[in-house]
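Working notes, structure below.
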2 protein chains.
Amino acid sequence: MSLSVASARPLRLSTAEADFETRFAQRLHWSAETDAAIEQRVADILADVKARGDAAVLAYTQRFDGLSAASLTELELTQAELKAAFDGLPPAQRDALQQAADRIRRYHEAQKKASGESWTYRDEDGTLLGQKVTPLDRVGIYVPGGKAAYPSSVLMNAIPAHVAGVGEIVMVVPTPRGEKNPLVLAAAYVAGVSRAFTIGGAQAVAALAYGTQTVPKVDKITGPGNAYVASAKRRVFGQVGIDMIAGPSEILVLADGSTPPDWVAMDLFSQAEHDELAQSILLCPEAAYLDEVQAAIDRLLPTMPRAEIIAKSLNGRGALILTRSMEEACDISNRIAPEHLEVSSREPHRWEPLLKHAGAIFLGAYTSESLGDYCAGPNHVLPTSGTARFSSPLGVYDFQKRSSLIEVSPAGARRLGQIASVLAHGEGLQAHARAAEMRGDA
Amino acid sequence: MSLSVASARPLRLSTAEADFETRFAQRLHWSAETDAAIEQRVADILADVKARGDAAVLAYTQRFDGLSAASLTELELTQAELKAAFDGLPPAQRDALQQAADRIRRYHEAQKKASGESWTYRDEDGTLLGQKVTPLDRVGIYVPGGKAAYPSSVLMNAIPAHVAGVGEIVMVVPTPRGEKNPLVLAAAYVAGVSRAFTIGGAQAVAALAYGTQTVPKVDKITGPGNAYVASAKRRVFGQVGIDMIAGPSEILVLADGSTPPDWVAMDLFSQAEHDELAQSILLCPEAAYLDEVQAAIDRLLPTMPRAEIIAKSLNGRGALILTRSMEEACDISNRIAPEHLEVSSREPHRWEPLLKHAGAIFLGAYTSESLGDYCAGPNHVLPTSGTARFSSPLGVYDFQKRSSLIEVSPAGARRLGQIASVLAHGEGLQAHARAAEMRGDA
């Protein structure tokens, strides 16, 4: 079969076929390749920035971004510049950015209230137990430059940090040859970024992790980036916290056939247009509906400015899968643990309880993933590549940490001292035992 | 100055001295060395277990643990064996283990209630937003064997997983030459471990991460281990979740001079007895009190079975520091972000609000760290080496993950569609814009 560039034929599969498991596993397969040359260059850049600070960051910024400056201070964006970028936007963009930020803030405030507050309780003997939840002091947010410069990512990273109460939010964004993206700067203003530097790559990650004369050392670094940035984040992990390292973006649509096929086709496109490695999968128990979606793909694809990327993604990694039932579709979804999961059904609340693993669940035909990407409120930084089995969307909790609180009463010390003494002796740790006994005997 | 082995002289410092910062920084310095030989051996073991499964695990278990078996099934401990270990304990140990487990369970249930429940809210236009919190399906718990076999660690890892609702908890514990620790097996019984294998090292981590014919693949691996285990956990991260990689244990005591000096000396010992790299630091604004604690150290050390390790730890890494005030002691504590922080003061609640970063905070003279290690209730798996700046104690939240929930109403789709359309066009993602517009136009 030969395909023209702008024709998209996602793989057709059926769970009833004998070779389904094999073909499906092949389609899902993706593995992060680590490139030894990149690894070595990143290690060198990190060591150099650690040793020489500002001077090294300036040298790499000149070399990789074609941007010269006499000092790193020149590469800091002032709050006035950020505000000017916002004020200078067309009113529709300014309003959209502000409304998106307001909704994202509201959602993350609810998240903080539901799961991010300190708590304590007292035992019957007066012993106090609990956890104190506190914000990180200072975080770094990496924002890619160039073609992948997404102002929405600035909102999604900075607003949860702000809601958490982080003292200082430091943004880095490369501006190759000095070209600044006004929407990114405006988003930084709306989201409450404290300081911003026009630096990027491994050198920016190093500056945030170790601190330089000009760039303050942070406690955690979040935000997406290319292979150099991902490698640098892995390497500084432990020295600072990091968020997840993202793989290609994915959408899984569970459809019962009730949603207009054009809508589903466009949702598959909206994932595919990100990147030719992005993955769009549709699961449905109605064969005729899969045909209708394919027809919608054929009809709509030529109208898309990014048709070529969409076609490559759908042809290389997409799939339209006929299932025996919606229940089976839910089972398959749980095996994939997709980043984005649309339940495009008349009865989304019937299926939602069956769905165990997903970054974000979009319920009902009106809930297109793109609304979630920009402005519904929840975070668009989500676990990819099946990591939703064990990890969560970026949230306020990523910008907080917890400290256990314990205050043992004199009565509690007698009771607990006996238990601890027995167990400590059992582990051969006599100082632990004595420390516990001393309090109990007092 | 020459010291006999069983004499312990923690470094005496004063914040008023001109060279304090330098000497203090030297004392704090610790860095995780990565050993290239270990890294290569671990990479080889992981690849071998991934390729050969059970056969590879059996071969390494024979080689490293001197334990032969015809099949991996022989190395599985039955529930009956775990129960028999519990039933066979002396009654005092059995009761202590059960009481500790009950208290740890109660604390983690409170933690789940405070921060680990699903939540939703509805917008004015009927749009539903929230987060669904669900347990991980299956987790692996690594328990060290030999001299560092701590039954308390079994409780501290397995109980939060159990409270979170994890479906299956798989424990691995090496038993060199087949020697089993009855307290460890009993703890697995009390904590609700589902399956247990007497395997360890990098091969056990690989078996859990990739799955073998006999060992089920898990979603996350927690628990402490030696350099091989730590390296293996780092390498499988991404494939599965992992908890933190722990550095040497630390205690920081803030004292106002009101606690019996023997108690504080014993608390410093109880950290130091773990490991000669463990760090025990006392901060106090009263010089005379530091002298009293040193005298207590001198008097009590000869009575300790682990005197030699304690002396090495205190001489190499310990410090008694005179501060100008309790406020300054709190500032220094925030810079260190200690794993264990004792506020050994008559007014612990005066100082607690000033303490921003710590794994666990022990308030008041009666609250010895050893009570927290065993049975107060909070987790004893805590962030080390300053990582309390950005990370938290092990908890129920480590065995849960979150999925965002979004259900946009038709009215919401119109409103949100406009915002998303503007922002998507601004990012050059036209399929995103169209998917949003289609719903708004419906």
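Each residue, glycine too, has its Cβ placed from N, Cα and C.
A quick note: this is a predicted structure, and the numbers were derived from the prediction, not measured.
A:Glu339 (active site, proton acceptor) is surrounded by 29 other CB atoms, counting those within 10 A of its CB over all protein chains shown. The active site, proton acceptor annotation in TrEMBL covers A:Glu339 (among others).
Look at TrEMBL and you will find A:His340 (among others) tagged as active site, proton acceptor. Sequence-distant contacts of A:His340 (active site, proton acceptor), defined as residues of its own chain at least six apart whose C-beta falls under 8 angstroms from its C-beta, comprise A:Ser249, A:Glu250, A:Ile251, A:Leu252, A:Gln271, A:Ala358, A:Gly359, A:Ala360, A:Phe362, A:Glu369, A:Gly372, A:Leu382. Taken residue by residue with DSSP, A:His340 (active site, proton acceptor) is part of a strand.
Feature annotation from TrEMBL assigns NAD(+) binding site to A:Tyr142, A:Gln203, A:Asn226. In the structure as shown, the Cβ atom of A:Tyr142 (NAD(+) binding site) sits within 10 Å of 26 other Cβ atoms.
Its Cβ placed at the centre, A:Ser249 (substrate binding site) has 25 other Cβ atoms within 10 Å. The substrate binding site annotation in TrEMBL covers A:Ser249, A:Gln271, A:His274, A:His340, A:Asp373, A:Glu427, A:His432.
Residues annotated as Zn(2+) binding site in TrEMBL: A:Gln271, A:His274, A:Asp373, A:His432.
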- Query: Does A:His274 (substrate binding site) have same-chain partners at least 6 apart in sequence with Cβ under 8 Å from its own Cβ, and which are they?
  - Reply: A:Pro248, A:Ser249, A:Ile309, A:Ser313
- Message: Using CB atoms and a 10 A radius, I'd like the single residue among the binding-site residues A:Gln203, A:Asn226, A:Gln271 with the highest neighbour count.
- Response: A:Gln271
- Pick from A:Asp373, A:Glu427: which of these binding-site residues has the biggest number of other Cβ atoms within 10 Å of its Cβ? A:Asp373
- Query: Which recorded positions among A:Tyr142, A:Gln203, A:Ser249, A:His340, A:Glu427 have a Cβ sitting under 8 Å from any chain B Cβ?
  - Reply: A:Glu427
- Task: Count the Cβ atoms, other than its own, that fall within 10 Å of the Cβ of A:His432 (substrate binding site), considering every protein chain shown.
- Result: 29
- Task: Give the distance between the Cα atoms of A:Glu339 (active site, proton acceptor) and A:Asp373 (substrate binding site), rounded to the nearest whole Å.
- Result: 12
- Item | Near-site residues: NAD(+), ref A:Tyr142, A:Gln203, A:Asn226, CB cutoff 8 A to centroid | A:Pro144, A:Val172, A:Pro174, A:Gly200, A:Gly201, A:Ala202, A:Ala204, A:Val205, A:Gly225, A:Tyr228, A:Val229, A:Ala232
- C-alpha of A:Tyr142 (NAD(+) binding site) to C-alpha of A:Glu427 (substrate binding site): distance in Å? 46
- Task: Would you kindly give the Cα-Cα distance separating A:Gln203 (NAD(+) binding site) and A:Glu427 (substrate binding site), rounded to the nearest Å?
- Result: 47
- Note on the structure: Rounding to whole Å, the Cα atoms of A:Asp373 (substrate binding site) and A:Gln203 (NAD(+) binding site) are apart by 29
